[in-house]
Amino acid sequence: MTDPSSLSNLHELTTTHLHLNWNISFEEKVIAGHVILDLKTLVDNVTQVVLDTSYLAIKEVTMNDASLQFDIAERHEALGSALTIQLPSALRINTSFQVKIVYATTDQCTAVQYLTPEQTLGKQHPYLFSQCQAIHARSFIPCQDSPSIKLTYSANVTSPLRVVMSALERGVSTTGRLSTYAFHQPTTMPTYLIAIASGNLTSRELSHRSQVWCEPEMIDAAAHEFEDTEKFLGVGEALLTPYDWSRYDLLILPPSFPYGGMENPCLTFVTPTLVAGDKSGVHTVIHEICHSWMGNLVTTKDWSHFWLNEGHTKFIERKIIGRLYGEKEAQLNCIIGWKALKESVELFGKDAKETVLQPDLSNGGDPDAFFSSVPYEGVVGGPTVFEPFVKSYVQHFASKSITTDDWKNYLYDYMERVHGQAMVDKLNTIDFATWIHSPGMPPVNPDTLFDASLAEACYTLANAWNNARESTDLSHFSAKDMASFTTAQKSVFLERLSDMSCLPHRLLEAMDGFYQLTAVRNSEIRFRWQLVCLKASYQPIYDPVVAFVTEQGRMKYVRPLYRQLNLASGGGAELARATFAKHKDFYHPIAGQLIAKDLGL
Ligand SMILES: CC/C=C\C/C=C\C[C@@H](O)/C=C/C=C/C=C\[C@@H](O)CCCC(=O)O
Ligand SMILES: [Zn+2]
């Protein structure tokens, strides 16, 4: 068994459990302590443990209290440095043993962002949070950092501020200004789902198994925004299997959190940009809930099969949206997803390796550089037979890490068993090779896939603006045009506009006058409006863009806006670079690296 994104000797050893003993120092921006790995040999004659590390300071390695020799290899640019530990004697197959590694993180740790009090809502206390997907766990834990490894974990973490983790809490003990928080995660999971945050946190119950955590200043808004969480979990369970992780809590992070959400088990991390006041961001919570099955229970074996996590999650997310908000709303979500896919393909190029559903990562490339909408839109809907298949898929592969071939073989087995040869014949008409291995857009026509009922009004309005290019009479437009649109419909309208050739500044100014788009605080609308304006190099938007990309660090927004500002005439490039230089430390390390790359720095 190999994983192109891991340097560990995965074919010789597996980790069954990992225990962390951590001390957090906000002053030094360091986590120091030890990890105890429970390992088991898979073959005879194992003489070494090779672990993934990235920028760690390894101090000591012991086995049964005796020191072991170790060596840290020269760094591989994307994958980090292999830590090779010599075992005292060769071990036979199925031997279980423990190694303890004493270590500390360094200032180059890519998993953790430390925030100063000024970067938090309350402005009084520092804060830290982690983001490990895809291969950042190795920057705070020496481990077999591969999703092919499924382990349980436990942790004792000492900090002056509240600690939460992707696990169940076992208790807290306090000595002076420090408290030690104990956690355990009894369900096996991959290392990329280990997560921690520490800061001035408070929580509010949402249901018997859910609470929302955040800084006290936004707890009322957060509890209101996510009050329907239990409903989403219930529909997920009705579609799939009983929820396996006991608790489903949410943590609203500070604005620099780089993603919409991250499905850390027991504790989904979400961006505060979801707290819009109108529940328009709950699709992301539904998405993360779906990962409780798709990704967290059935996991990609390595990052080239990432689409198994995201594609199935999207499929179930849309089923839940359909059940709760109507099928037309689910279809609109598909239309928005298709547009995101098109944009990713346009950005990378239709022949680019990054647009392949199952990309080739065998040359040790950085999985973060492959991230896009491509793995999300691999499963775009499908017939009703696919829904019971997905339930059966979860039952069959729960607790396992699998490949695209495993998925395909099971698809054929299931369809033959449940629906007979006729369905196998239908499957045989699907061009799997193109879907899975070819770059570019999937081989289907989107117009035949989605019901555009809710999109029609958006297209009509966009066309009306498109047709107004030569006209001086704009009296047929008014603030009422979009009054009945949902956030998703406003998004579709703005996306349609950005597909058209740039509108003259005169029309952008008029549109802003009617719809007050520059003043909108909803991040989805703000983002898309700013993109439309930047594409037209409309200078009045430059300052609001700078404000938006420095108020929050969600990569979905900041990366396209920085890229587009960098292309805009009238000083866009200078402004983009100067803004990034000034605010670099605001961003999570992953976001900072990718924005710098986008700007060619
Ligand atoms: C084929 C790609 C290969 C590997 C990529 C694996 C991981 C990519 C890594 O960059 C981490 C991604 C984390 C994503 C978390 C949440 C997303 O659903 C957020 C989507 C964007 C947003 O809503 O902000
Ligand atoms: Zn996801």
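Using N, Cα and C of the backbone, Cβ positions are placed for all residues, glycine too.
Feature annotation from TrEMBL assigns active site, proton donor to Y376. According to TrEMBL, the peptide binding site annotation covers Q131, C132, Q133, P258, Y259, G260, G261, M262, E263, R554, M555, K556. Here TrEMBL flags H287, H291, E310 as Zn(2+) binding site. The domain 'Peptidase M1 leukotriene A4 hydrolase/aminopeptidase C-terminal' annotation in TrEMBL covers 453-599.
Around Y376 (active site, proton donor), the C-beta neighbours below 8 angstroms that are at least 6 residues distant in the chain are W307, E310, G311, T313, K314, G337, A340, L341.
With a cut-off of under 6 Å between the Cβ and any atom of ligand 1, the recorded positions Q131, E263, H291, E310, Y376 reduce to an empty set.
Around M555 (peptide binding site), the C-beta neighbours below 8 angstroms that are at least 6 residues distant in the chain are P258, Y259, I590, A591, L594, I595. Scoring each of the binding-site residues (H287, H291) by how many neighbouring Cβ atoms lie within 10 Å, the top position goes to H287. Residue density at Q133 (peptide binding site): 25 other Cβ atoms are found within 10 A of its Cβ, drawing on all protein chains shown. Using the Cβ center of H287, H291, E310 for Zn(2+), the list of other same-chain residues with Cβ within 8 Å runs, in sequence order, E263, E288, C290, M294, G295, N309, T313, K314, E317, Y376.
Residue density at Q131 (peptide binding site): 24 other Cβ atoms are found within 10 A of its Cβ, drawing on all protein chains shown. Mapped onto three states, the DSSP output places H287 (Zn(2+) binding site) in helix. Note: E263 (peptide binding site) has non-local neighbours L193, E288, H291, S292, G295, N296, T313, i.e. same-chain residues 6+ apart with C-beta under 8 A of its own C-beta. With a cut-off of 6 Å between Cβ and the nearest atom of ligand 2, the binding-site residues Q133, G261, E310, M555 reduce to E310. For G261 (peptide binding site) paired with H287 (Zn(2+) binding site), the C-alpha to C-alpha distance reads 8 Å.
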